[in-house]
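Only one structure is covered here, and it is reproduced in the block below.
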């Protein structure tokens, strides 16, 4: 991407980027605070609350680092040194990977938790939190190793124009790598994401089947004049399906924008669009969780009630 194009990107795009960061940080902060309060207030906290709190914290840190990077894209005068560039971009890449991993593993835990007693997944209910924690630590180590090449390929932007590097922000540039190294890292990332997305798809298919089963039971109950009010499990299943669908749509859209950007060396507008799309899930998903969980609505209702009374 050309530096001049980066500097003169549409003002509306800058505003949208900063707005997304601000809204996402606020939403994830709210989600994190609520689940920390739930964890501290329960004698036997549920693992699902711990994982949601961790996911919201990961997304919060991701959006904060993204905000710093976006600020350096549009507002800085290129004051970061190589160590700052390497550290921030490495942390951002690591947090993006951990967000993907945490989202997929959270959906696995949700699927196991909501599975009926007759399901073959029942035997994993008590063991799943430990197994998922181990899987997350494994992926964490894997992501750290996958992103380690950034310490060699990210440099402070030099005061010259060259085809050997690509501008990331005003302060930071990415050195071009050899074809073999690029292929190796691309293949490793593709395998990692294919595995997690496949896991995501399996959970989605299972949840669709589970939701259909609930609906069929509701129809049978309705035909016998028994209340067919949605159960907490059904509401949770719909929430998970909504988040899964949104995640998959954004993932496909992000890859489409990325491949389009690769065809245009100076596609600064596409670069901004990719940033917006790739962080949309971290911004929107907390609102879905906040608005669909009754405990969270009651929590914020009581908090605002206390503020008004004061």
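Note: Cβ is positioned from N, Cα and C throughout, glycine not excepted.
Feature annotations, courtesy of Swiss-Prot:
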type: TOPO_DOM; residues: 1-20; note: topological domain 'Extracellular'
type: TRANSMEM; residues: 21-41; note: transmembrane segment
type: TOPO_DOM; residues: 42-49; note: topological domain 'Cytoplasmic'
type: TRANSMEM; residues: 50-70; note: transmembrane segment
type: TOPO_DOM; residues: 71-93; note: topological domain 'Extracellular'
type: DISULFID; residues: 85-172; note: disulfide bond
type: TRANSMEM; residues: 94-114; note: transmembrane segment
type: TOPO_DOM; residues: 115-134; note: topological domain 'Cytoplasmic'
type: TRANSMEM; residues: 135-155; note: transmembrane segment
type: TOPO_DOM; residues: 156-190; note: topological domain 'Extracellular'
type: CARBOHYD; residues: 159; note: N-linked glycosylation site
type: TRANSMEM; residues: 191-211; note: transmembrane segment
type: TOPO_DOM; residues: 212-238; note: topological domain 'Cytoplasmic'
type: TRANSMEM; residues: 239-259; note: transmembrane segment
type: TOPO_DOM; residues: 260-269; note: topological domain 'Extracellular'
type: TRANSMEM; residues: 270-290; note: transmembrane segment
type: TOPO_DOM; residues: 291-310; note: topological domain 'Cytoplasmic'
CB contacts for residue 85 (disulfide bond) [other CB atoms within 10 A, all chains]: 24
The topological domain 'Cytoplasmic' (42-49), counted residue by residue under DSSP: helix, strand, coil: 3 helix, 0 strand, 5 coil
Region pair the transmembrane segment (270-290) / the transmembrane segment (50-70), three or more CB pairs under 8 Å: yes
CB contacts for residue 172 (disulfide bond) [other CB atoms within 10 A, all chains]: 25
Confidence summary (mean pLDDT) of the topological domain 'Cytoplasmic' (42-49): 76
Distant-in-sequence neighbours of the transmembrane segment (50-70), which means Cβ under 8 A and at least six residues beyond its ends: 14, 17-18, 21-22, 24-25, 28-29, 31-32, 35-36, 39, 88-89, 91-92, 95-96, 98-99, 102-103, 105-106, 109, 132, 168-169, 275, 279, 282-283, 285-286, 289
Spatial neighbours of the topological domain 'Extracellular' (71-93) far in sequence, C-beta under 8 Å, 6+ residues away: 6-7, 9, 14, 17, 61-62, 65, 147-148, 150-151, 154-157, 168-172
